[in-house]
Amino acid sequence: MLKILLPTIMLIPTTMLSPQKLLWTNTTTHSLLIASISLHWLLPTHYPNKNLTQWTSIDQISSPLLVLSCWLLPLMILASQNHLQHEPPTRKRIFITTLVTVQPLLLLAFSATELMLFYITFEATLIPTLILITRWGSQPERLSAGIYLLFYTLISSLPLLVTILCLHTHIGTLHLTMLKLSHPTLTNSWTDLLLSLALLMAFMVKAPLYGLHLWLPKAHVEAPIAGSMLLAALLLKLGGYGIMRLTLLTNPIPPHLHFPFLTLALWGALMTSSICLRQTDLKSLIAYSSVSHMGLVVAACILQTHWSFSGAMILMISHGLTSSMLFCLANTTYERTHSRILLLTRGLQPLLPLAATWWLLANLTNMALPPTTNLMAELTIMISLFNWSALTIILTGATTLLTASYTLSMLLTTQRGTLPTHITSMQNSSTREHLLMTLHITPLLLLILKPEMISGMPL
């Protein structure tokens, strides 16, 4: 753990001391090196789990998410270069430092074996995100987006803190392995039912579950590109990871909670997919599609079967890379047209043919075309939900159809049709943007060959 954590923390002096000309080069190279070292976590040497330090360990559930956290930092730095080119050097350094601060917190959150450490790091990721949105967002609405994010997350996580303290007084320890040994910690009494609800609620808001999701599209639309990538690819996964970790403790989840949560998650996936069909803002559309995909993840995590956990894990990683790539593409379009309205950014394929190829690839993975890992994950989740109740196939089937329709509609609107009259010239796409897209799509394509590396199952 230290051989990744220390270089990550050393990124801060790298950022502060690099000469201005080499600032982007040094930080990107340094973070790429950390990302390549972290790939060894995907090897099956940590089955069933491997203690890294006294308070952190790694197993099949945390290893793919740890690697994803390391992989996305260089991509966020790469994506932000154009956005920050007119900022003074000091602000550039502060921006990169804010991005770098999130990574150690995420690494600790995904590998913590002690509930209080997990809670502290889970909450601490909020601070850099809030700074990114409220300081570097481009619209005047960014302050209200920050307030939404802050209050939704804080109000939902206070019951979690109370429950963690309750568990500590009952059992005397918050170490996950000890908690597993002492279960069933929660029985079917009303107080324990409320405790189970409080344990899940913070993660349901973070994931986000439909009905508790209003902060997400607002935060995405107002955030700078790095903020959107961070939210979509990593912070939403904290919600899914938390549900997976803590449902293992409260095993089995009280049956009273199965039905409302599963219904809400699947209904939410259907509703947000249909909301996507009538979005005019490109970023907002991608944000709502994130809510739809994470609805399936929440449903799968609540089921608590091997298949559903495996499907949820693969979908979290695939969605992290896909949605991050879509946000990057939306950002490249925005930087050229200065608009995110779909009607004003249409017909770009003749002008940027190579970017259109990236759009096609990103959209095909988003709509889970075979043989992508997205399809593997969705099928696995649909089968495990069908085993729980045959009626779920209606909701999941309709969601799949709607996902395909809004994704194709997004692709056709942005790439095909007549070019708007106000676009007379456009700068070509740069090597940096192509590198960024390549680093997103390559892991997705390689994982098709060996999906068990991220399936949360022993190899």
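Just so you know, the numbers here start at 1 and follow the chain as drawn.
A Cβ is built for glycine as well, from the same backbone N, Cα and C atoms used for every other residue.
The domain 'NADH:ubiquinone oxidoreductase chain 4 N-terminal' feature in TrEMBL is assigned to 1-109. Residues belonging to the domain 'NADH:ubiquinone oxidoreductase chain 4 N-terminal' (1-109) score a mean pLDDT of 92 in the model.
Taken from TrEMBL, the feature domain 'NADH:quinone oxidoreductase/Mrp antiporter transmembrane' applies to 112-402.
Look at TrEMBL and you will find 1-17 tagged as signal peptide. Within its own chain, the signal peptide (1-17) has Cβ neighbours under 8 Å at 23, 26-27, 30-31, 33-34, 37-38, 52-53, 56, 58, 70, 73, 93, 96-97, 100-101, 103-104, 107-108, 111, counting only residues six or more beyond its boundaries.
The transmembrane segment annotation in TrEMBL covers 21-43 (among others).
According to TrEMBL, the transmembrane segment annotation covers 63-81 (among others). Here the transmembrane segment (63-81) has Cβ contacts under 8 Å with residues 4, 8, 24, 27-28, 31-32, 34-35, 37-39, 41-42, 46, 95-96, 99-100, 103, 106-107, 110-111, 224-226, 229-230, 233-234, 237, 241, 313, 316-317, 320-321, 324, 328, 331, 432, 435-436, 439-440, 443, 453-454, 456 of the same chain, all six or more residues outside its ends.
Away from its own ends, the transmembrane segment (93-110) comes close to residues 1, 4-5, 8-9, 11-12, 15-16, 23, 27, 31, 56, 62, 65-66, 69-70, 73, 76-77, 80, 84, 87, 117-118, 121-122, 124-125, 128-129, 131-132, 136, 226, 230, 234, 238, 241 of its chain (Cβ-Cβ under 8 Å, at least six residues beyond either end). TrEMBL lists 93-110 (among others) with the feature transmembrane segment.
Feature annotation from TrEMBL assigns transmembrane segment to 116-137 (among others). Same-chain neighbours of the transmembrane segment (116-137): 55, 83, 95, 98-99, 101-102, 105-106, 108-109, 143, 145-146, 149-150, 153-154, 157, 160-161, 164, 168, 174, 202, 206, 219, 222-224, 226-227, 230-231, 235, 238, 242, 245, counting only residues six or more beyond its ends whose CB sits under 8 Å from a CB of the stretch.
Same-chain neighbours of the transmembrane segment (149-173): 115-116, 119, 122-123, 126, 129-130, 133, 179, 182, 185, 195, 197-199, 201-206, 212, 214-215, 218-219, counting only residues six or more beyond its ends whose CB sits under 8 Å from a CB of the stretch. The feature transmembrane segment is assigned by TrEMBL to 149-173 (among others).
Here TrEMBL flags 193-216 (among others) as transmembrane segment. Listed by sequence, the residues of this chain that lie at least six past the ends of the transmembrane segment (193-216) yet keep a Cβ under 8 A from its Cβ atoms are 122, 145, 148-149, 152-153, 156-157, 159-160, 162-163, 166-167, 186, 231, 235-236, 238-240, 242-243, 246-247, 249-250, 253-254, 256-257, 261, 264-265, 267-269, 271-272, 287, 290-291, 294-295, 297-298.
Residues or ranges marked as transmembrane segment in TrEMBL: 223-244 (among others).
Counting same-chain residues at least six beyond the ends of the transmembrane segment (256-278), those with a Cβ under 8 angstroms from any Cβ of the stretch are 193, 196-197, 200, 204, 209-211, 213, 285, 288-289, 291-293, 295-296, 298-299, 302-303, 385, 388, 392, 395-396, 398-399, 402-403, 405-406, 409. Here TrEMBL flags 256-278 (among others) as transmembrane segment.
Sequence annotations record features per position, and here TrEMBL assigns transmembrane segment to 285-305 (among others).
Feature annotation from TrEMBL assigns transmembrane segment to 311-329 (among others). For the transmembrane segment (311-329), the list of distant contacts is 60-61, 64-65, 68, 72, 75, 79, 220, 225, 228-229, 232-234, 237, 240-241, 244, 283, 286, 289-290, 293-294, 296-297, 300-301, 355, 358-359, 362-363, 365-366, 372-374, 376-381, 384, 433, 436-437, 440-441, 443-444, 447, 451, 454-456: same-chain residues at least six beyond its ends, Cβ to Cβ under 8 Å.
Per TrEMBL, the feature transmembrane segment maps to 341-361 (among others).
Look at TrEMBL and you will find 381-412 (among others) tagged as transmembrane segment. Away from its own ends, the transmembrane segment (381-412) comes close to residues 262, 266-267, 269-270, 273-274, 276-277, 282, 285, 289, 292, 295-297, 299-300, 303, 305, 307-308, 311-312, 315, 342, 359-360, 363, 366-368 of its chain (Cβ-Cβ under 8 Å, at least six residues beyond either end).
The DSSP breakdown of the domain 'NADH:ubiquinone oxidoreductase chain 4 N-terminal' (1-109) into helical (H, G, I), extended (E, B) and coil residues amounts to 81 helix, 7 strand, 21 coil.
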